[in-house]
Amino acid sequence: MSLFNWVSLVLFLYLLSPILSLNGSSDIPSRFLNYAKKRELFDWMVGVRRKIHENPELGYEEFETSKLIRAELDKMGVKYKHPLSVTGVVGFIGSGKPPFVALRADMDALAMQEMVEWEYKSKVSGKMHACGHDSHVAMLLGAAKILQDHREELKGTVVLIFQPAEEGGGGAKKMIDEGALENVNAIFGLHVANKLPLGEVASRAGPLLAGSGFFEAVISGKGGHAAIPQHSIDPILAASNVIVSLQHLVSREADPLDSQIRMMQKIIEKDRDNAQLVDVVTVAKFQGGGAFNVIPDSVTIGGTFRAFLKESFMQLRQRIEEVVTGQAAVQRCKAVISFLENEKPFFPPTINDKNLHDYFRIVAGDVLGIDKVKDMQPLMGSEDFAFYQEMIPGYFFFLGMQNATHKQLQSPHSPYFEINEDVLPYGAALHASLATRYLLQSHPEVTLPAENDHDEL
């Protein structure tokens, strides 16, 4: 064969290589899951998770957790940026060039005392990983190991986002503000699920989790003796009327013809036992008075409100303020309301991208078997992953960890919450597979300018 023919053949194979790689990508999930289940990698993920569990840190205080993550990335040879949003870490694996896909794990613990007695129980009084974020970090680090060991297969760049302060602190928003999503085309995130069987996943296209906000109101009147209430202005009576009126916001002000509400009603009809309301307003705090025979000067109430549409959410916020101040005035009281934006920022609804939902079902089906990929009803819980989804297409899913032969695992935010560590390889393999296949699928179409590349890789 002539030199010209040899050169032509090599050039042809080079141009064809992305297509060949993509066509051969269906075995990636099974290879990655087998890799994640190797004893050495599994034991390492378990060890990482237990170290984090023993030393829980609250939002924006995850200094030791962040240090551990950076140390492990250093050992892998993975480049990263730090700090973002105080303790956040953003790693990069791959070519440093487009396309970019992100994987996210939250790092923070909860302010509660662990009641589970085991060898690796929290060593910090009043702090506990009761929502599984320790396992989320371990799984993303496991995915980093898989991706780094298979980096020659990456047709672009995987961005690893280790985020602080998911538990009410809005860490995702601050990570975005500091550039965590620079050049990123899509993002994936997961959460462990105590009731879903081990090796199954569940999610849905569209609204998955509600937007959430908090409020606190101080209703002031005039205190006095309970025997002569006519000489007082009773804030307890005013607060009681406020609470009753707040419960009417959903039942009497939501438009039953609204398309979103009709969609949710259809879901309720399909599964009445598990479906929840479209909007929720709950008063869970009521503080006032300290004696049986004294009308207090003031009462403090507080609660949460949730909705699946941002428009509904903002309408609820406005009406809560109007009802609190208006009903207090009817009872001759004054009310000051705060929505606690600084301490507890509003979380938007978590809304999964339809195209990514279709993609997720294919990849997760290849990892676990399509019979293990379940559709689920929307939940009224909230997730600050939604901040990422407001910026770029994103997809959030739940990963089961309940072993049918073991005791029922407790719900997140319980002092008895536990992790079935057998879930770790599944999370790591799903992360790695979703990212790798996404890059292979997107590579031929993406043409971002060279100046946006991450040359540090």
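Including glycine, each Cβ sits where the backbone N, Cα and C put it.
Values in this document were obtained by computation on a predicted structure and should not be read as measured data.
Annotation comment: TrEMBL describes C131, H133, E167, H191, H413 as Mn(2+) binding site. Per TrEMBL, the feature domain 'Peptidase M20 dimerisation' maps to 211-325. Summarising the annotation, TrEMBL assigns signal peptide to 1-21.
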Problem set entry | Local confidence of the domain 'Peptidase M20 dimerisation' (211-325) - pLDDT mean | 84
Exercise. So which of the binding-site residues is most packed in, judged by how many other Cβ atoms lie within 10 Å of its Cβ, out of H133, H191, H413?
Worked result: H133
Exercise. Setting C131, H133, E167, H191, H413 aside, what same-chain residues sit with their Cβ within 8 Å of the center of the Cβ atoms that define the Mn(2+) site, listed in sequence order?
Worked result: D106, D108, L110, H129, A130, G132, E166, P412
Exercise. What is the total of other Cβ atoms whose distance to the Cβ of E167 (Mn(2+) binding site) is within 10 Å?
Worked result: 20
For this session: Would you count the other C-beta atoms found within 10 angstroms of the C-beta of C131 (Mn(2+) binding site) for me?
Result: 21
